[in-house]
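What follows is a single structure, written as structure tokens, with notes after it.
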Amino acid sequence: MRVYGTEITSRLLLGTAQYPSPAVLAAAVKSSGTEIITVSLRRETADGSGAGFWDSLRETGCRILPNTAGCHSVQEAVTTARMARELFDTPWIKLEVIGHSDTLQPDVFGLVEAARVLSSEGFQVFPYTTDDLVAGEKLLEAGCEVLMPWGAPIGSGQGLRTPDGLRAMRAHFPDVPLIVDAGIGRPSDAAQAMELGMDAVLLNTAVAKAGDPAGMARAMALAVEAGRLGYEADPMERRDMAVPSTPVLGLAEFA
Ligand SMILES: CC(=O)[C@@H](O)[C@H](O)COP(=O)(O)O
């Protein structure tokens, strides 16, 4: 998968919040084989433990994708992105503009506006969006080269709530990298996303809150890989009726 000119081998991206300890986070990152981890600027600086947390992220050797988690307005998201660029020295930003406090649903109007501002400033924007095709088109027009449709509300672990919407996105944007972000709860959800032709999956809570985060990270990595292999192997069409899988020719000879 190629995003903003960067070749990415692992199709699993991992969030870094909610782990019981930095050591558990490091173990999960390692066993996931991920190359990209996302970090909230607010998490980094809010509780005064920022420096230690940043050190543990750097030790993973992964590329950092800062995010604007928790931003509810264009201004807030743009300001946070600018601070993240200074702090992490990267043009990459996972752009979240939250529109609704209960569902944490993206505000696609604010998202497009913020993406336009940030792209014009040289940012390479990874927008957390819905499966709305028009919003997707506007984000591409705003300069985004990747789209991150939600699977389900952040932290819900509900899996893919609108597989048909994701399928439509794949068909509508055949050449745009699509990364499902949020709501993945089980390895089977991750595999399903990949079977739909998504290019990658970003998840956090399902690994951080598992009884064995490193074990779950490994399971997610295998699921992502299996789903992708299945997609590339061009699965059979589903049928309404049974079709014998064993040839019946020649049965009469034994009668
Ligand atoms: C860490 C991060 O970026 C989250 O905002 C992301 O959307 C992941 O969501 P889940 O925790 O539901 O996997």
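From the backbone N, Cα and C atoms, a Cβ is placed for every residue, glycine too.
Summarising the environment of Lys94 (active site, schiff-base intermediate with DXP), the number of other Cβ atoms within 10 Å of its Cβ, over all protein chains shown, is 26. For Lys94, the entry in TrEMBL reads active site, schiff-base intermediate with DXP.
For Gly155, Ala182, Gly183, Asn204, Thr205, the entry in TrEMBL reads 1-deoxy-D-xylulose 5-phosphate binding site. Taken residue by residue with DSSP, Thr205 (1-deoxy-D-xylulose 5-phosphate binding site) is part of a helix.
Here TrEMBL flags 3-247 as domain 'Thiazole synthase ThiG'.
In sequence order, Gly15, Gln18, Ile154, Gly155, Gly157, Gly185 make up the list of same-chain residues 6 or more apart from Thr205 (1-deoxy-D-xylulose 5-phosphate binding site) whose Cβ falls under 8 Å from its Cβ. On the 0 to 100 pLDDT scale, the model's mean across the domain 'Thiazole synthase ThiG' (3-247) is 95. Ala182 (1-deoxy-D-xylulose 5-phosphate binding site): 25 other CB atoms within 10 A of its CB, across all protein chains.
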